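The structure appears right after this line, and notes come after that.
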Amino acid sequence: VDSYDVTVEEDLGEIQLIKIEKRKYWYQDDWYLKYVTVKTPLGDYLEFPCYRWITDEKEIVLRDGRAKLPRDDKTQILKQHRRKELENRQKMYRWKEWHPGFPLSIDAHSHSELPRDIQFDNEKGIDFVLNYSKAMENLYINRFMHMFQSSWSDFADFEKIFVRISNTISEYVMQHWKEDFMFGYQFLNGCNPVLIRRCTEIPKKLPVTMDMVECSLERNLTLEEEVKQGNIFIVDYELLDGVDANKTDPCTIQYLAAPICLLYKNLENKIVPIAIQLGQKPGPENPIFLPSDATYDWLLAKIWVRSSDFHIHQTVTHLLRTHLVSEVFSIAMFRQLPAVHPLFKLLVPHMRFTIAINTKAREQLICECGLFDKANATGGGGHVQMVQKAMKDLTYSSLCFPDEIKAKGMDSKEDIPYYYYRDDGIKVWEAIKSFAEDVIHIYYETDEVVCEDVELQAFVKDIYMYGMRGVKAAGFPKMIKTREKLAEYLTVIIFTTSAQHAAVNFGQYDWCSWIPNAPPTMRCPPPTQKGTVTIEQIVESLPDRGRSCWHLGAVWALSQFQDNELFLGMYPDEHFVEKPVKEAMAKFRKNLDEIVSTITERNKSKKLPYYYLSPDRIPNSVAV
């Protein structure tokens, strides 16, 4: 890092803009400029933030760091600068449909085609093929990575590739994965804690009778009464019904199921499974499995649910609802908000590397013949069908954290005391919302100012039209008319790109590294009758050695923070220069520190701590 001083003899008058240009040398000589500080003859300091790459013979024109809305610009030169910046950005950041029905993404085939400003500093660091292979090497499992079709001999055999790190969640999962309490706990605090909902009536497609579940109920009530009292919960994997299983390897037939799982809150307030049906259509070929069944019948039914949960987690909860949605926010921001706009300054740290990581994923991971096809039953096109089906549930209200929890009937702390994902998520949501409100109140004196901000309205419209494909039913606003609505909207964006992604990404190694707890594929069809399952059959169904290794490499690599990670509330790039915003940031950090202390205190006594939503573990943006 170098600093340069440039002294000017004559008086330049009031400085409106600074132009920086770089001569081109015969070798590549890109220059990353952080900022320019100007000291005036009167001794005042003016900050001109840049935080961009200057490449080739391009010139960059900078305005000083004070955030301005379009209405604040009175002179022609400033209005023109603002317009020109957006025109250039709209040429560089173009929308493109990657698959029909998907949210639109960036128009670039590879990472190297992206604008320099949003590329990773070091492309090697995010090479998935390299990282997964390196992960397998670090985990000492690369000797198995080519052993496709070769089954493990029993559950204990999976330990050959399991890195035992004592006192960790992954070790606890390995020891307790067969237990019903552990199975139920993951719906609340595992890496996919978003599916469970309170059951208000038993669906017709799941013909559970009182006789079947009587021995699981503890309150001397009928099943209907338990439902009325709010003690029954349900997770339905209907989305997987009709999705094609991976056919990319002719030597291994792979299978998917679309189970329905009924859960019960027992007298200890623990959530445990009481009935599992492995398909959507009831009938003699689709029995309802129960805890009272033979041990291996019940265990295999639970394994099928865990495998289905893994698929929904990877493709819907993680890929669609954090990565792809964050990319939409990111592209719209670059296209419609100039660098001088306060909302650009607010949002840009939360968009860091998101377009880059998604472009890299489309290049190597989720493309045809990508790494995703290697070990996943939804590879080879199934994951594309899943995203297309899941788009109908991608609503604005489902991204508003407290609304979504409430819609699922999961909001009562008294009723469901051990739902840490909900408790921590709401705290972080409130802290972000309070910060967004503080910033909004600095720049928007009234609701009218919000309505008149043409750049903000264009940003919102871009997200609605291109990102969410103009689907009215999705409930994304077409325009924003009040400061209150704007605060919620910005909270959705910042929460999704930071906290929501952290909650569903960084627990993958903890919960998915013990393969029987999260099989990425199944090699035998779901059982169609009871009383026939053996341990051998279960091991034959579970992934082979090769697929197990690729899966392990993936969940390890995905669970790592970046080097020099920036966590929530850390804003080293000073896009904002005004004191009131600096104060709002300090207050935000103080609120986040208090949340960290509360979570640390709660976790002290826990065998299974929940820390994914602790702000000191929430990166600012989706970058892995």
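Think of each number as a place in line: the chain as shown, counted from 1.
A Cβ is built for glycine as well, from the same backbone N, Cα and C atoms used for every other residue.
Automatic, uncurated: that is what TrEMBL annotation is.
Among the features that TrEMBL reports, Ca(2+) binding site is placed at Asp29, Asp30. Annotation comment: TrEMBL describes His318, His323, His501 as Fe cation binding site. Annotated domain 'PLAT' per TrEMBL: 1-68, in sequence order. Annotated domain 'Lipoxygenase' per TrEMBL: 68-624, in sequence order. Residues or ranges marked as site 'Essential for stabilizing binding to COTL1' by TrEMBL: Trp53.
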PLDDT averaged over the residues of the domain 'Lipoxygenase' (68-624): 93
Cβ-Cβ neighbours of Trp53 (site 'Essential for stabilizing binding to COTL1') (radius 10 Å): 17
Number of other Cβ atoms within 10 Å of the Cβ of Asp29 (Ca(2+) binding site) across all protein chains: 12
The one of Asp30, His318, His323, His501 whose CB sees the fewest other CB atoms within 10 Å, among these binding-site residues: Asp30
Env. residues of Fe cation site, Cβ within 8 Å of mean position of His318, His323, His501 Cβ: Thr317, Leu319, Arg321, Thr322, Ser326, Gln500, Val504, Asn505, Val622
Within 10 angstroms of Asp29 (Ca(2+) binding site), Cα basis - binding-site residues out of His318, His323, His501: none
Between Asp30 (Ca(2+) binding site) and His318 (Fe cation binding site), the C-alpha gap once rounded to whole angstrom: 34
For the domain 'PLAT' (1-68), the number of residues DSSP places in helix, strand and coil: 0 helix, 29 strand, 39 coil
